[in-house]
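Student: Handing you this structure, nothing more for now.
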Amino acid sequence: MTGRARVPSQPCCVLPGKRLRVPGLPSLAWVPPILLSPATSPRSQADDTDDGPVPGTPGLPGALGNSKSEDPEVPDREGLQRITGLSPGHSALIVAVLCYINLLNYMDRFTVAGVLPDIEQFFDIGDSSSGLIQTVFISSYMVLAPVFGYLGDRYNRKYLMCGGIAFWSLVTLGSSFIPRERFWLLLLTRGLVGVGEASYSTIAPTLIADLFVADQRSRMLSVFYFAIPVGSGLGYIAGSKVKDVAGDWHWALRVTPGLGVVAVLLLFLVVREPPRGAVERHSDSPPLNPTSWWADLRALARNPSFILSSLGFTAVAFVTGSLALWAPAFLLRSRVVLGETPPCLPGDSCSSSDSLIFGLITCLTGVLGVGLGVEISRRLRRSNPRADPLVCAAGLLGSAPFLFLSLACARGSIVATYIFIFIGETLLSMNWAIVADILLYVVIPTRRSTAEAFQIVLSHLLGDAGSPYLIGLISDRLRRSWPPSFLSEFRALQFSLMLCAFVGALGGAAFLGTAIFIEGDRRRAQLHVQGLLREAGPADDRIVVPQRGRSTRVPVSSVLI
């Protein structure tokens, strides 16, 4: 074998599912059942071997072919049960368990925000140190997400989640016993809580993707992501009410660990591991095998829909992270300036209904926004394949002016502030489930946990990992330049929070960019899962094919004999 293979000059056909055999080459790629034609000849593909068939290829479906064809047939309930080995009722029960744990996840995360004024008084810290509590947690969560993303694409996801949730519950319980002179220990325990949450958030959506397809998947994801705003709101409510009942804010941190034990038991007893990507493959398609981690990263970096939608989601994380920590404190300062509430003095318990009210608003706007976003997107998708990123862009761009107005009106009317927050948060919440759905259909199944992990890294690194601390830091710097007063405290936090409106507008622009690439990236992922598209392998997996007097180096899978 000299490294060259002869190719017939006339088009010929290949039987479906057969493998290409060339003497001297040990292992050759599966060949899809298509005709070799000038459009699919080695010469025509040589310049685009990484991305598969060039646009205009006859015989390929959708955007990559000349004649548009329908999307792959969606399995019915019996088909899904046959593929996954789980009944529809059991699959729905698994989603319910995952939704409960996601709710608990965000409830734990924002319980601290619900008692933040009391934590500031107990440890005698300023705004920048308060923002650091959330920043440390998010940073740990962000750094460890790629580790669990790698593990989640290769090992049993159920056991990974069980271990992570058990660890997170234990550390949260321990953080409620820290003495006032050990603020650094509170920061350490909040960082360790991120270990457990990273093990869950990167993996759970991929289980749903392996249980459902198409509109069924979108609906189940919307149920799953209802838990984010609802859990966040419950965190504020539980934090403030448990503190009031017990007379001690430490008890607010002892609620979620007990519920975490229940979560581990439910995971162990109810959840079963579905096969990765099986519900999206054709029955005659070869199974997908994990590639190397670096290959996964290269493929994700070349996926513009994934990158741009992740940048848009980063803006969502920046805004929600800032509001989650600082909105109750801002509303309390607004009431103090308006004379509706006495100031929170050192040594006193900070009595305010704003954490409870903001928690209720967060719950309601989350349910309304997530449901509204999914339903609008589902209806528009019938006539516009770019509906998902366009709805996300509309939500972010629409929320920005209302969030700005809520801050601008706070000194004049607390009622107007709450109204604008309600509208702004509703529009902001339209993104949660849709962004997750975009990731799942533009990334192949064997890379989804890794993609989830790196979306978490990006969104938290540039989003809510630093935004609470940044807002607190700007507020502290502004206060130093003004005479000390309750009005100065209010104005400093008001001006620093206005940054959120501008970041939201930038996120809307990123989603508009996603709309440009979404159709092509989705089609490429579909073809890959169905076995009709292969990425270029290592350099030694290429052969030299003479074509019209020239030697062209192409992947083995491009040669059809």
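In case you wondered, yes, glycine gets a Cβ from its N, Cα and C as well.
Automatic prediction, not curation, is the source of TrEMBL annotations.
Under the heading region 'Disordered', TrEMBL lists 38-81. Summarising the annotation, TrEMBL assigns compositional bias 'Basic and acidic residues' to 68-80. Residues or ranges marked as transmembrane segment by TrEMBL: 90-107, 132-152, 159-178, 198-214, 221-239, 251-271, 306-327, 356-377, 389-408, 414-444, 456-475, 495-518. Residues or ranges marked as domain 'Major facilitator superfamily (MFS) profile' by TrEMBL: 94-522.
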Student: Suppose you look only at the domain 'Major facilitator superfamily (MFS) profile' (94-522); what would the mean pLDDT be?
Tutor: 83
Student: With pairs fewer than 6 apart in sequence excluded, do the transmembrane segment (251-271) and the transmembrane segment (456-475) have three or more C-beta pairs that lie under 8 Å?
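Tutor: They do not touch: fewer than three Cβ pairs between the two stretches lie under 8 Å.
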Student: Could you check whether the transmembrane segment (389-408) and the transmembrane segment (495-518) come into contact, where contact means at least 3 Cβ pairs under 8 Å with the two residues of each pair 6 or more apart in sequence?
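Tutor: Yes, the transmembrane segment (389-408) contacts the transmembrane segment (495-518).
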Student: Counting Cβ pairs under 8 Å that are 6 or more apart in sequence, does the total for the transmembrane segment (356-377) and the transmembrane segment (221-239) reach three or more?
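Tutor: Yes, the transmembrane segment (356-377) contacts the transmembrane segment (221-239).
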Student: Would you kindly list the residues that approach the transmembrane segment (251-271) from elsewhere in its chain, counting only those six or more residues past its ends and only Cβ-Cβ distances under 8 Å?
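Tutor: Distant Cβ neighbours of the transmembrane segment (251-271) are 93-94, 97-98, 100-101, 104, 107-108, 111-112, 114-115, 158, 161-162, 165-166, 168-170, 172-173, 175-176, 207, 238-240, 242-243, 245.
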Student: For the transmembrane segment (159-178), find every same-chain residue at least 6 residues outside the stretch whose CB is under 8 Å from a CB in it, and list them.
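Tutor: Residues packing against the transmembrane segment (159-178) from afar: 101, 108, 148, 151-152, 185-186, 189-190, 192-193, 195-200, 203-204, 250-251, 253-254, 256-258, 260-261, 263-264, 267-268, 271.
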Student: Using a cut-off of under 8 Å between C-beta atoms, tell me which stretch among 132-152, 221-239, 495-518 contacts the transmembrane segment (306-327) the most.
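Tutor: The stretch with the most close Cβ contacts to the transmembrane segment (306-327) is 495-518.
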Student: May I ask for the residues of the chain that lie six or more residues beyond the transmembrane segment (90-107) and have a Cβ under 8 Å from a Cβ within it?
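Tutor: Those are 80, 84, 161, 165, 197, 200-201, 204, 207-208, 211-212, 220, 223-232, 234-235, 238, 256, 259-260, 263, 266-267, 270-272, in sequence order.
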